[in-house]
Amino acid sequence: MSDDGLLQQRWVRLGASAAVVLVVLGAVGSMMFGWDLERLLTVGFVNRSLQMATPITLAAIGGLYAEKSGVFNIGLEGFMIIGAISTAGVLFALGGTTPSQGDIWIAMVAAVLVSLVLTAIFAVLLIDYQADQIVAGLAVWFIGLGFAPFVASLVWGSRNSPGLASIDNVTVPGLSEIPWIGPVVFDQSPLVLLTLVLVIASWVFLYRTRYGYWVQAAGENPKALDTAGVNVTRVRYATVLFSGAMAGFGGAVLLAHAGNFVGTGDTMVNGRGWIAIVAYLFGNYNPLGAAAAAVLFGGLDMLQVQFQTAGIDVPSRLVNLFPYVIVIVVLSVWGKTRMPSAVGESYDQEE
Amino acid sequence: MSSVSDTDESKSRLERIAGYLLDATVLERIGIAVGATAFALLIGLVIVALAGYDPFRFATQLVVGAFGSERAIARTLRFSTLFVLAGLAVAVAFRAGVFNIGVQGQFVVGGIACVMSIIWTAPYLPTGTVGGVLLIGIGVVNAIVFGGLYGALPGALKAYAGANEIITTIMLNFIAIGVVGWLVNGPFRGEEATSVRTEQLPDYVAFPQVVFSDPNFSVVGFGIAVLSVIGVAFVLTRTRYGYDMVTSGYQATAARFSGVDSKQTIVATMTLSGMIAGLTGAVFAIMIQGSYTDPAGIGNYGFDGIAVSLLAANNPIGVVPAGILFGGLESAGSHIQIRSDVPVQLINGIIGLVVLFVAVPELFRMIGARMGLGGDDR
Amino acid sequence: MSTDNSTAVRLDGITKRFGDVVANDDVTFTLEEGTIHALLGENGSGKTTLMSVLYGLYQPTDGTIVVDGEEQSFASPRDAMAAGVGMIHQHFQLIEPMTVLQNVVLGHEPTKNGLVDEEAAREEITQISDRYGFDVARHLDTPVRDLDVGVQQRIEIVKSLYRGADVLILDEPTAVLTPQEVDALMEVMDDLRADGHSLIFITHKLDEALSAADQITVLRDGEAVGSVDSAETDERGLARMMVGREVLFDRLEREGEPGDPVLTASDLRVSGDRGVEQVADVDLTVREGEIFGIAGVQGNGQTELIEAITGLRSIDDGTIEFGGRDATEMSRRERIESGIAYVPEDRQKEGLVQEYDLVRNALLGNQTIEPFVDGALVDWPFVADHAESIVEEYDVQPPTTTSEASSLSGGNQQKFIVGREIERDPDLMVASHPTRGVDIGAIEFIHNRLIELRDRGVATLLVSSKLEEVRKLADRVAVMYEGEFVDIVDPGGVTEEEFGLLMTGHGVDEEVDPGPDLGIEDEEVTE
């Protein structure tokens, strides 16, 4: 592992900052407003936080692969929207408003495929035609913001879908009765568990396989990789495709947990793609770190529900902004994340 | 001063301007903008056809909805006013190499600052035209100040803390919309308001109705947009501050060589950009809304401003035609929403496609070269 | 390996042109197997170009490449590598955050069950490392960026060996090393030779070529001047081949004496980009009507020193006085305004905005100076006329001010920058490598302008890695080595060889290489 020292520092910082935030919140809350902390920190909260973190994690892993290889995929948010609407559309086509669990899985696979096809076009523009990565990424967002509600209106006559179906938890009888661990691990959304597997797999792939080496090298010193006999362009195509597919999958998971599509405002994705970018920056481009950061953001996102159930009267509108504020603080305090040095530069094979 | 006689000087200046206009790169940029728009519209029509509607009817409605009647033109100009101003705010920042994606948030902050400052000071000022002008002045100044501050914040975070402005400004958009949404639903909610909004502005706080009689559009608003464009173009091309900013955008190392303080320039750029965004918010509040509602539902003018600016190759003058084009699209959208079954969100998708194609000038250079349209000067 | 003198590499009649510039002109070069062959020449003499042709980075305009008896045509470094040619670039091709092991195996990773087989890699690298006594093995899990330059260089060598290179090209390997590291490198090279490898050693340092190589080929102005056995020559002979003779008498006699000090820097300490001290305790004074030259191998702190003086880099310690005022705390802009002109080292990135036309480039640096601006307003007609006059007076081709800077050739870009900076009417001109990559005509032109400037009483600080340039123009020359001034000398009283020795730090306080002694002042090396 190349970044052991640095990584450890980051983990300490990440954990410390999360702890500080929670302790301060808890202290202030319980002293000033008489909050009942036991009712805040519930198993349900942990589960909801994990479910919230899942789409962010998936998109973050995709995004960090692309950026590690030297392409800044700023379109994650857009691809998440595309993933969500594709899942909803296919789901509706398969089973109307009462699709089966199998339909959900098929719909998610279809959504990943749709995202892949669109990412392929994006990748060609980015890599072959040297499109401006920032502008093209923003365009993907705009396209998602426009076409997803458009499709929703075509299909359901409204920007939102009716209730479709959300995915059932996988429950292991017996084991799920274990206090705390049981309901979190053995009565959990299969998508959360699948994401956990993907996080670990993407870490192993990035740091333990030759292809992972190439991804890292392509973003740091493409010329060195080229002189080592590896085609830089091909590596970058692979990572960009992966990033789009993962973001699309993230959107699909978001929908599968929510059970219906929301296309008003900034759609149901509502900035999670952007938070995914911050998550991997905060996690120092490490899949494990990115996942941890995503869990932190997911938890912040779910505080609002928690406050409500605990009967604490804080305007939900303001509590919802918590993750965004934290993102800004995080970026300002740890703003100087070392980016891979060749990010944003197109690489010309013939020199 | 130059020793050349006046006539000579003005002649050579004319020649120079002509030279700029005929500049291959300017022509090329215009070509790319037109190509991108045409290509995006074409894809839009194909989608309309695939969705089972009549694309020809849709195309006709686009034109009629945008420019088909006096009402349509007024509506187009109403949207164009905001697009030109928002596009200008984006263009200033992008020109200087700073990616201010936060125009939407600065627009919202400016808008609420404008409305609340007018509502709070109105009781102390006379009513009628004099009071109206004063209040508009107060509202606009406040909008500019608060919009500028809300832009300066991510600028300072970028310059002095290294925080990526793309992400901080996007986060600040969400925050502005959330906080203002909470304010208009809580502390700032009008006492007699039946819906979620602030109190109404006094009715004498309005732009005069000249030429068009549309309750939501005044030529004065469009005039403000055009004057702002001229002002910004002047600052960028004729003053040394503009030169510093634009040079930083083109080549930061050369700007540093020439004595530009890059950190100050980033903050200054973001502030100016935010100020224009705040002004946009004021025009929106005074000319269109007359109060302030939940910003989650007022339209993405700040984001569309990005598209406008990119289509104009971040050129302040180019923002005017680009803004009018997008205003026409938006206006046609309103028309289509009433007159046809095609979901109006398609327009936003088409705008996204325009941005995508603008990002890939190489694509159009290639197409241009294939078609034999002067691709040989590259 | 066979010990008979079979040929490892033969370059025959290699010519390489870049546009109008001939970088290599009909060069023939032969590397015998199991030997070290030094390629000696000044900066810009075409050494690196020639080797880039051999390594497949450039395709030759003319000529043939024969490796191991087979004629080759390398389309890319990959082809060269496949034929057993490896190159260690001056700028290492390493991936800084990745570990040594990952860097070495990159592109040639051994795998087991889909994962990189670190054990196998470790074993093979350790084997190579041990064979040549590299201390690379213990760093295998360290990120490259945490290692010294010397170790990084050895990693590059190990990488080439791991990829199976028989022929190793080392491009100025000693340029970035400390003397101790140089000694260690020499041992490594000996070991490699003993093991049957053939090495090409690019350098411009005479003593290194002599002590390391079996054969020496000297390049000058892109042509091969000759090849000699290192046993049959000495530094003096090599210097003569390298420099030629005409340059030495080229010194221009000056009229008048230098006046009062314009720039005085005392106890200057400056750090580089990585926070490592690059300028260590430098004192310098530049007087009116004087050209003060700074010579030295690149990367010995010249860039940082110049940037500190021009206001582009903050200093750690010391003072700078300019025109009688304390300038230590002055910003870059204040320094421009108070009369410091600067021809920057990197004209592409700093000196010009590539996408601006020459009119807008004429304002660069003049944004706050009247009459270019009147208050906040730019007087564009005046700037345009000014650009016009620069183009005319400094012979910029093509003579139009409306063309983008990027469309100009390097020489014309440089003439425009020199013109703009001189026309600023400065009290101090700082010129950093003012003629690098510029054609002969433009060199002559720029030199004459700098001399005119001197004769007008302007103080000039000139940095150049071209020795003949410093010798020709400067009144006094400081030789910089490892962030310090080794000595400040009168260029007329010092020979090229003595300069060469000073530039490698000899003559400070150590007695290195007693071979060629310095007591040869009375002996004219020239005619």
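Positions of Cβ are set from backbone N, Cα and C atoms, glycine also.
So that you can see what the record holds, here are the features copied from TrEMBL:
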TRANSMEM  A:12-33  transmembrane segment
TRANSMEM  A:45-66  transmembrane segment
TRANSMEM  A:78-98  transmembrane segment
TRANSMEM  A:104-127  transmembrane segment
TRANSMEM  A:134-156  transmembrane segment
TRANSMEM  A:189-207  transmembrane segment
TRANSMEM  A:240-262  transmembrane segment
TRANSMEM  A:274-297  transmembrane segment
TRANSMEM  A:318-335  transmembrane segment
Ranked first among A:104-127, A:274-297, A:318-335 for CB pairs under 8 angstroms with the transmembrane segment (A:45-66): A:274-297
Candidate ranges A:104-127, A:240-262, A:318-335 - greatest C-beta contact count to the transmembrane segment (A:274-297) (under 8 angstroms): A:318-335
Considering the transmembrane segment (A:104-127), which listed stretch of A:78-98, A:134-156, A:189-207, A:240-262, A:318-335 counts the most C-beta pairs under 8 Å: A:240-262
Among A:78-98, A:134-156, A:189-207, A:318-335, stretch most in contact with the transmembrane segment (A:240-262) (C-beta, under 8 angstroms): A:78-98
Intrachain neighbours beyond the transmembrane segment (A:134-156), with Cβ under 8 angstroms and 6 or more residues off its ends: 72-82, 84-85, 88-89, 92, 122, 125-126, 162, 261, 263-264, 266-267, 269, 273
Chain residues outside the transmembrane segment (A:78-98) and at least six past its termini with a C-beta under 8 angstroms from it: 55, 59, 104, 106-108, 110-112, 114-115, 118-119, 137, 139-145, 147-148, 151-152, 155-156, 161-165, 243-244, 247-252, 254-256, 260-261, 263, 267-269, 272-273, 276
